[in-house]
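S.K.: TrEMBL lists G408, Q409, T410, G411, S412, G413, K414, T415 with the feature ATP binding site. Annotated compositional bias 'Polar residues' per TrEMBL: 69-80, in sequence order. Feature annotation from TrEMBL assigns compositional bias 'Low complexity' to 329-338. Feature annotation from TrEMBL assigns domain 'Kinesin motor' to 308-661. What TrEMBL lists as region 'Disordered' is 24-90, 105-133, 324-370.
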Amino acid sequence: MEPQRSPLLEVKGNIELKRALAKAPSRLPLPGSRLKRGPDQMEEDLEPEKKRTRGLGTKVATSRPRATALTTVPQTQGQTAVPKVPRKTGPRCSAAIATVLKNQKPGPAVPAQKPGTTAAPPAVGRKKPSKRPAWDLKGQLCDLNAELKCCRERTQMLDQENQQLRNQLREAQQQATALGTERRTLEEELARMRAQAEQGQQELGNLSARVLELEERLGTQEGLVQELQKEQLELQEERRGLAAQLEEQERRLQASEAALSGSQAELASLRQEAAAQADLLFKREERLHGLEMERRRLHNQLQELKGNVRVFCRVRPVLPGESTPPPGFLLFPSGPSGPSDPPTRLSLSRSDERRGTLSGAPAAPTRHDFSFDRVFPPGSGQDEVFEEISMLVQSALDGYPVCIFAYGQTGSGKTFTMEGGPGGDPQVEGLIPRALRHLFSVAQELSGQGWTYSFVASYVEIYNETVRDLLATGTRKGHGGECEIRRAGPGSEELTVTNARYVPVSCEREVEALLHLARQNRAVARTAQNERSSRSHSVFQLQISGEHAGRGLQCAAPLSLVDLAGSERLDPGLALGPGERERLRETQAINSSLSTLGLVIMALSNKESHVPYRNSKLTYLLQNSLGGSAKMLMFVNISPLEENVSESLNSLRFASKVNQCVIGTAQANRK
C-alpha cells in the first residue's frame, strides 16, 4: 500500500515540475515581458547587409519594423526535455511527479550569453528550418511569428497548470494551518502534563529528604545537648575575655576620637588653603585671559599701524647660466637710520637705445624709484621673508581673515616664495609649510590657556576661469571643471568650492603630502620666460576654527595663500602658430583676472558701493579675504635680469598702486 503523502510535498513537486517546464528554450519573450532591444539597435544589425548591397551596386530598401531583437537562452547539449505529467492531484500524482524529477538528469549549466547575441532556436516537434539569407527579412519575420505563436500556446498551457498548482498550494496551506493549530494545542497540553509530573516528582523528593533529615536530627539531638552544655561553659570563659577586650577598645576609641578631632581641624585648615589657592588660580587665569586679549588687541593694532594692505618686493637671485646685470641696474637705498634698517626702497635704471643726444651720444639711463613696506634683495633667505610675515599669519588665529599674494612675471620666483624649492630642504621651504608649522606651534601653546583649534585645508587652481581641485585623487583627477564657487548655506557669507576636497590637517607631514599632490596636478606649460611656467592661479586656503569652552568664546577665519600666474603682456605683432594659440588664451585669462584683482582693491580703497568681485573667479573666491575685515599682503616678485626690465617695471607700478590703497579697520570674526 502506497503511503499517504503530505499536501505540502505534493505542491512542492508540482512547483519543481513547473520550473522545469518554464526552462524550455525560446526565441521570443513571454507575453507581458518588456522588449530588450529597440528599432535603432535592430537597424545596427541590418547595417552590414546595407553595406553589402551598396557594394554590389544595387539598392535594397530596408524597412524599420517596430519589432525588437529577442534575448534567447540556448539549450545546451545533454539537457533533457522535461516530460509531461498528467495534471492530477493526490498522493499518487505527487509521487509520480517526484519520480519524474528524480529520474531526470541535470544538464550542464547554461552559460551566460552576451547582450545582443541570439542562439539557434531548438527543434520543438518539427524539422529545423534551413538558415535564411540575411537579406530575407520577410522570411525571418515569418519564422519569428510562427515561433511566437508556439510560445504563446505553450505559455497559455503553463498558465493553466500554474493556476491549478496555486489552487493545490492554497488547499495545502489551509490543511497545514489546521494541522499547525492542532499541533500547538497538543504541545501545550503535553507541556502542562510534563510540568505537573516534574512538580510531583520534586515534591516527592522533598518529602523523602525531609524524612531522612528528621531521622538524623532525632538521632543526634542528645549528642547536641551535651555539646551545647560544653559550649556554654566555653562561652562564659570567652565572654569574660571579650569584656576585657571591650574595655581596651573603649580606651583606644577615646584616643582615636581625640586624633580625629585634630585631623578635622587640620582638614578644615587645608580646605581653607585650597579655596584660597583656587581663588588665586582663578584670578591668575582671569589675568592671563585679560593679558591674552590685550596681546591680541595690541597685535592687531600693530598690524593696522603697519597697514591692512601691505606690499613687499622680493628680487630673486641670478640663476646659473643667466647673464649678470650691469652695475647700478638694481639699487637698494638704505633707510633713514642707515644700513641697519631693513630696506624699503628699490631703484631700477632703464636705458633706451632709441633716445640720444644732439651729439649722437646715447642718452643717460632713466632711473625709476619705488618705495614699499619692505624690500628683500636677492640675498634674502626664506626664513628672513617668513619672519617678516609671521605676525600677520598669527592674526588668523585671532580671528582675522588673512590673504597673502605672490605677484609677478613668469620666472620671478613666485612659486618658490610660496611653496619652496624641490628636494625637501628645510632652508628653502616656502611660506605655506612655514606658516602652517607656525600656526600649529602657536595653537599648541594656546591650548594651555583653554583654546582648542581645528584646521581644514583646501587647494584649488583657477585655469582659464575654471576652478580645479588640486587635491583630487584617483578617478576624480581631470574633473576640475565640475567645481563651482557657492555659498556655504542660505544667508551665510562663507564661500565653498563644490566637489573640492577639504582635508583636516594637524601636523606638518599631512601638509607636505597635500603640497606634493598639488604640484603634480597643477597646470604648467613651457613659455618664453620659463621652462615650467604656472599657467593658473593656485589658492591654498586654511579654515581656522578656535574655541574656548570654559568662556564660551569662538573665532573663525580663513588664511589664503595665493600663487598668482605669470603677468606677461601680449605682443600684438607676434605671429601665432597652432600650438601657441592655447598659450594666448591662457595669457588673456590671466591678465583679465589680474586686472579684476586691481579693480577690486581700488574699489575697496575708494569705499565704492559696488565692488566687482564676480568679474573674476579669483576675486569671487577670495571675497571674504579682501574686504574691510581682512588683512592683505602682496609679494611683488621681479627678475634681476636687464632683459626683463619692461615686465619688472609693470609689476612694480602695479604693486605701487596697491601699496597706496587703504582699507578700513579689520574686525575679528568672533562669537
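For all residues, glycine too, the Cβ spot is worked out from N, Cα and C.
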S.K.: Looking only at the compositional bias 'Low complexity' (329-338), how are its residues distributed among DSSP helix, strand and coil?
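M.R.: Going through the compositional bias 'Low complexity' (329-338) residue by residue, I get 0 helix, 4 strand, 6 coil.
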S.K.: Which number gives the other C-beta atoms within 10 angstroms of the C-beta of T410 (ATP binding site), all protein chains shown included?
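M.R.: That number is 23.
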S.K.: Count the Cβ atoms, other than its own, that fall within 10 Å of the Cβ of G411 (ATP binding site), considering every protein chain shown.
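M.R.: The answer is 24 other Cβ atoms.
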S.K.: Enter the number of other CB atoms within 10 angstroms of the CB of S412 (ATP binding site).
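M.R.: I get 29 for this one.
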S.K.: Just how many other Cβ atoms lie inside 10 Å of the Cβ on K414 (ATP binding site)?
M.R.: 27
S.K.: Ranking the binding-site residues G408, G413 by other Cβ atoms within 10 Å, which is at the bottom?
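M.R.: Ranked by other Cβ atoms within 10 Å, the binding-site residues G408, G413 bottom out at G413.
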S.K.: What count of other C-beta atoms do you get within 10 angstroms of the C-beta of T415 (ATP binding site), across all chains shown?
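M.R.: Step by step: centre on the Cβ of T415 (ATP binding site), count other Cβ atoms within 10 Å, giving 24.
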